[in-house]
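Asker: Input: one structure, supplied below.
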Amino acid sequence: MINARSIYKDTINRSIDDPFNNVDRNLLITLANYRHRFERSMNFKKLRWTFSNLNSTAICDACDLLVPEMRTLIRINRSDLIDDVAMRFCKYYKLLDPNVCLGAVNEYKNVIIEVLVMSPLTNKELCSLAFECQPPPYFPIVGWNVTFPDKPKPTPRPPQPPSPGAPKLNVLHLSDIHIDFAYKPGSQADCPQPLCCREGQPIPSHTGAGFWGDYRNCDIPYWTAEYILKYAAELENIDFIYYTGDLPAHNVWNQSRTDQLYSINTINNMLATIFPNKTFYSAVGNHEAAPCNLYPTPNIRTDNISWLYETLADNWIKLGLPNDTRDSILHGAFYTTLIRPGLRLISLNMNYCSRENFWLLINTTDPLGQLQWLIQWLQYAEDHEEKVHIIGHHPPRSCLASWGWNFYKIVNRYENTIAGQFYGHTHYDEFLMFYDEIDQKRPVSMAYMGPSLTTSSYLNPGYRIYSIDGEYSGSSYWVLDHRTVIMNLTASNLYNKTIFIDEYDARDAYQMENLFPNDWNNLVEKLKNDLDGSLMSLVYQYYTKSYANGNQCDHICRRGLLCSFINARENNPHGCDSIPPFVL
């Protein structure tokens, strides 16, 4: 904990003369880099669920102290001192890995300085947006609204079950592959860095990294990913593939554009070889960029992301997208295309809504006009009686508040058109419910977060198969069932061969009639009424891809998990009021 305190008048002089007299305020530099690792930790999640408005106090307090000083140094034309203080701090503060700290400073310092110069936000607003330091409501300066066409919303028509024998489509969902090309079996898996299993010897009484992968803070080795994908290609009946981003490993403190392009090209070439006749419908993740998370907006002149978008366009078209998607991909890595007659795919670049993209602190208002573009295509689909599947990397609840609330309005307006949403990013097996904005008990849409291929952190590798209402006149194109397949990492390392398990089928496991919004809402109601029961235990087990069981999630943990399933908007203070209160 860092205690909040006032900034002394001589704080700039003290920073220049003795940058370590208040070392803890500099923790922001490295704490931000470790944030991804913390948020992948089940213990962190349980703590966050315990305190519904928890933010990282150390980060927020450090930000509140550091940002005013940095802006003052910039104003007096001494931004070089920011670099000097950060570098000296990394060498001085022994509790932090110096390579990670120095790497993070080198990767992010120029962006942070430019954001501090260009952003119209106050110091407090910057910290609140970047690190969720301010409870809702947010500051008015970052509020904005989309515009809808002057066409009334049609009467809601909930999906209906198809007739027996109606054709179906099988869709493979791959997400968060995160291959670590530097993975070394037997290496240190309990290291001080955000990503381990790459070097060093395990400390006494600790086991080294497993051959097929490791549950600790490690990504998946290339050969394991290859075996899993070959297994899916050989055994699954697949019509097409949803592919929702995050290919590179988590060594975000020392990545370059060259590293990212190598990961993207190598992994996509492997996919093209393993699935030679299948079409991939792709979305871009936050880890494809270098530095990680940073997707420049059009008003940024010192950086651009065209190097990535050109590579993505080439790769995605090689994986089956039509050539007419290229211009849209080059513009912003989002696009639309027809999958089947009457089924349109819309792929969104969710990095332009993520709080981790610091460039958005200069312009938080949908800088590429992506949501207005989405509305235009949804209106087109409604007018032409098409159904739409939306794919993206971050789920909408990970977005900045105004973006997320506007997206929620869009889903409400086009509930008859949107037949499914598919995301990744969390690494867990999750679902996300959208409710009517007026009748908040009426569910209108479903989103699925597919399981990750990587093991990071404390997860079995997995993939998802969706059974979807198929190609025929009047098809709903809704998900009818889904099945999750995992590789049992413990058994695979023990017997030195890959061991796969059909973990569960959703309808069978949860005793659901269908997988329509009303069916998921009925499940949610059952869970609300028996949070400590066996069904919620099963939900938690599948959430972790069977790494853990329900006994490891107490009442507070279960309430927090269920809350995350029904709250599709960030900073919605009453989104979980319907769940029974905590047990004291």
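Backbone N, Cα and C define each Cβ position, glycine as well.
Positions annotated as domain 'Saposin B-type' by TrEMBL: 56-137. Here TrEMBL flags Cys63-Cys127, Cys90-Cys101, Cys191-Cys196, Cys197-Cys218, Cys353-Cys399, Cys553-Cys557 as disulfide bond. Under the heading Zn(2+) 1 binding site, TrEMBL lists Asp176, His178, Asp246, His427. The Zn(2+) 2 binding site feature in TrEMBL is assigned to Asp246, Asn286, His393, His425.
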Asker: Counting other Cβ atoms within 10 Å, pick out the least crowded of the disulfide-bonded residues Cys101, Cys191, Cys218, Cys399.
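Answerer: Among the disulfide-bonded residues Cys101, Cys191, Cys218, Cys399, the sparsest Cβ neighbourhood within 10 Å belongs to Cys191.
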Asker: Between C-alpha atoms, which of these recorded positions comes nearest to Asp246 (Zn(2+) 1 binding site): Cys101, Cys127, His393?
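Answerer: Nearest by Cα distance to Asp246 (Zn(2+) 1 binding site): His393.
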Asker: Mean pLDDT over the domain 'Saposin B-type' (56-137): what is the value?
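Answerer: Averaged over the domain 'Saposin B-type' (56-137), per-residue pLDDT gives 76.
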Asker: Sequence order is fine: just name those recorded positions in His178, Cys191, Cys196, Cys399, Cys553, Cys557 with a Cα within 10 angstroms of His393 (Zn(2+) 2 binding site).
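Answerer: Of His178, Cys191, Cys196, Cys399, Cys553, Cys557, within range: none.
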Asker: Using the recorded Zn(2+) 2 site (Asp246, Asn286, His393, His425) as reference, state which further residues of the same chain have their Cβ within 8 Å of the centre of those residues' Cβ atoms, listed in sequence order.
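Answerer: These residues sit around the Zn(2+) 2 site: Ser175, Asp176, Thr244, Gly245, Val284, Gly285, His287, Met350, Asn351, His394, Gly424.
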Asker: Taking only the recorded positions Cys197, Cys353, His425, which one has a CA atom nearest to the CA atom of His178 (Zn(2+) 1 binding site)?
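Answerer: Closest by Cα: His425.
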Asker: If you compare CA-to-CA distances from Cys127 (disulfide bond) to each of the binding-site residues Asp176, Asn286, His425, His427, which comes out shortest?
Answerer: Asn286
Asker: Between the recorded positions Cys191, Asn286, His425, Cys553, which lies closest to Cys218 (disulfide bond), Cα to Cα?
Answerer: Cys191
Asker: Pick out which of the disulfide-bonded residues Cys196, Cys557 has the most other Cβ atoms within 10 Å of its own Cβ.
Answerer: Cys196
Asker: For the Zn(2+) 1 site given as Asp176, His178, Asp246, His427, which other residues of the same chain have their Cβ within 8 Å of the site's Cβ centre?
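Answerer: These residues sit around the Zn(2+) 1 site: Ser175, Ile177, Gly285, His287, Gly424, His425, Ser452, Leu453, Thr454, Ser456.
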Asker: Of all the recorded positions here, Cys197, His427, which one's CB has the most other CB atoms within 10 A?
Answerer: Cys197
Asker: Could you state the whole-number distance in Å separating the C-alpha atoms of Cys191 (disulfide bond) and His427 (Zn(2+) 1 binding site)?
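Answerer: His427 (Zn(2+) 1 binding site) has its Cα 21 Å from the Cα of Cys191 (disulfide bond).
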Asker: Spatially, which candidate from the binding-site residues Asp176, Asn286, His425, His427 is nearest to Cys353 (disulfide bond), comparing Cα atoms?
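Answerer: Given the candidates Asp176, Asn286, His425, His427, the nearest one is Asn286.
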Asker: Work through the recorded positions one by one (Cys63, Asp176, Cys196, Cys553) and name whichever has its CA nearest to the CA of His425 (Zn(2+) 2 binding site).
Answerer: Asp176
Asker: Within 10 Å of the Cβ of Cys353 (disulfide bond), how many other Cβ atoms can you find? Include all protein chains, please.
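Answerer: Cβ-Cβ neighbours of Cys353 (disulfide bond) within 10 Å number 27.
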Asker: Measure the Cβ-based neighbour count of Cys63 (disulfide bond), defined as the other Cβ atoms within 10 Å of its Cβ.
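Answerer: Summing over all protein chains shown, Cys63 (disulfide bond) has 24 other Cβ atoms within 10 Å.
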